[in-house]
Amino acid sequence: MKVAALFVLGCLVWRGMAKPQFPEQEKDPDFWKEWAQRTLKNALTLQDLNKNVAKNIILFLGDGMGVPTVTAARILKGQISGQSGEETQLEMDKFPYVALSKTYNTNAQVPDSAGTATAYLCGVKANEGTVGVNAAAVRSQCNTTQGNEVTSILKWAKEAGKSVGIVTTTRVNHATPSAAYAHCVDRDWYSDAEMPTEAVQSGCKDIARQLFENIPDINVIMGGGRKYMYPKNTPDVEYPGDKKHNGTRKDGRDLVGEWTDRVKDKKGYYVWNRKDLFSLNPNNVDYLLGLFEPADLTYELERNKETDPSLTEMVDVAIKILKKNERGFYLLVEGGRIDHGHHEGKAKQALHEAVEMDRAITRAGLLTSIYDTLTVVTADHSHVFSFGGYTLRGNSIFGLAPIMSDVDHKPFTSILYGNGPGFKLVNGVRENVSTVDYEQKNYQAQAAVPLSMETHGGEDVAIFSKGPMAHLLHGVQEQHYIPHVMAYAACIGQNKDHCRTNSGSPSLSHISPTLALLFTVKWLLC
């Protein structure tokens, strides 16, 4: 077995060495110098700051998308298109401004997605496990909710007359989207079935209920989470024979039915599959509720392309509905299953989710303009995900390192986790990965410490931004700074003094529409 493993590894390394490891042109110093000069010329254009008022604001949140995930997704994107991958650009890579975000929660060095969502949506740092409440609220203690609620940028935008939307690949009452509308001391209170009896009796509301009651006129809501909207034991429309997908609500309410009744005369539509979604004309829709799975949406690699829309498709429909408002819109987009892939140790699932979110960012860019739309891409936290091992140029991002361990004399994959379910011992020693299919989509990469679920990482995450006032997202910032910048750019929320001239008209920068058009064209060509 050992000889066979060495032979397989030798073949892989030989195959990598048999082809050029990089393009011939890269041997010429002028290639690199000319590339740098083009980059410099582009950077010099950024001296003319875009100080326009942001009519539209979009936040793309890659849940768990730390910097190593961004880099690995970039390589994967290139390799999907037949390139070596390292030189590829993600759409977010093209954004002119990059900053770092400090992700800690008020009570946690390594954060969770609820406390971080409260930071980048409500502008206030909070405790882990809580959404839409400040740090005086204690997780799971219902009586600490009242008086500690904080509002989100989605609400600020709605109060300013903008259309607002939420699109996610998780359930719509999951941690990230829920901070946009809910005030809850426990992120797991998806419906009243998940709440302690005393919390319900004390008047605390489950998150699904708050979705429809707190801000009742959210224009677009798309994601998963059907089962939390229906009475207990109600069969699911898509999986009627599977009891685990039945409705969960103990209060007997049909939240979808209530919503439908409320908006039926306001160009409102409920859909639960891709066909029904694409049967709609966005020009004739003012309110849309799309719940495409009982809980989270499926991974992109496992998505039924006939019945389930992709994140890119949902974003496309959302923007077409929201952009009809002359006052603009706010849209929260979450690539939520990046996080789930990492928790399960399934790097291939996680990275394909990240690539799909990047496609959605591309689509949003085509439907909007940097002249009047501020787009921000960031993450809530990182993961203990890494890749290394001195891999050669063009090596499959999911492949083996070109060397073996000098301790146990076995091969290892480039991708590894610090902890998680990928920890495996065979006869008391580390598993020989050359004996398994480490490129398959559900392969769990080896981990140093055994855990049933891999954990978050505590390092800073990137913030990419383009459009009006994007330059304000710079340096190393606290995570809660993000919505304050976005609100400032859009003249909503707290900072409005800069938004008016003496005549009372919105103040725009000196950048002409013609120059802005040139910026947009250059953006698409780059």
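Glycine is no exception: its Cβ is also placed from the backbone N, Cα and C atoms.
Database features (TrEMBL):
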- 1-18: signal peptide (SIGNAL)
- Asp63, His174, Thr176, Glu334: Mg(2+) binding site (BINDING)
- Asp63, Asp339, His343, Asp380, His381, His456: Zn(2+) binding site (BINDING)
- Ser113: active site, phosphoserine intermediate (ACT_SITE)
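Here the binding-site residues are Asp63, Asp380, and the one ringed by the most other CB atoms within 10 angstroms is Asp380. Rounded to a whole number, the distance between the Cα atoms of Asp63 (Mg(2+) binding site) and Ser113 (active site, phosphoserine intermediate) is 8 Å. Working note on the binding-site residues His174, His343, His456: by count of other C-beta atoms within 10 Å of each C-beta, His174 ranks first. For His381 (Zn(2+) binding site), the count of additional Cβ atoms within 10 Å of its Cβ stands at 28 [all protein chains shown].
Apart from Asp63, Asp339, His343, Asp380, His381, His456, the Zn(2+) site neighbourhood in this chain, defined by C-beta within 8 angstroms of the site C-beta centre, holds Gly64, Asp112, Ser113, Ile338, His342, Ala379, Ser382, His383. Of all the binding-site residues in the record (His343, Asp380, His381, His456), the one with the smallest CA separation from Glu334 (Mg(2+) binding site) is Asp380. Counting only residues at least six positions away in the same chain, the Cβ atoms of Asp63, Gly64, Ser113, Ala350, His383 sit under 8 Å from the Cβ of Asp339 (Zn(2+) binding site).
Cα spacing between His174 (Mg(2+) binding site) and Asp380 (Zn(2+) binding site): 13 Å, rounded to the nearest whole number. For Thr176 (Mg(2+) binding site), the same-chain residues lying six or more positions away in sequence with a CB closer than 8 A to its CB are Leu61, Asp63, Ser113, Ala117, Thr168, Thr170, Leu332, Glu334, Gly336, Asp380.
Within 10 Å of the C-beta atom of Glu334 (Mg(2+) binding site) sit 29 other C-beta atoms, taking all shown protein chains into account. There are 27 other CB atoms within 10 A of the CB of the residue listed as 'active site, phosphoserine intermediate', with all protein chains counted.
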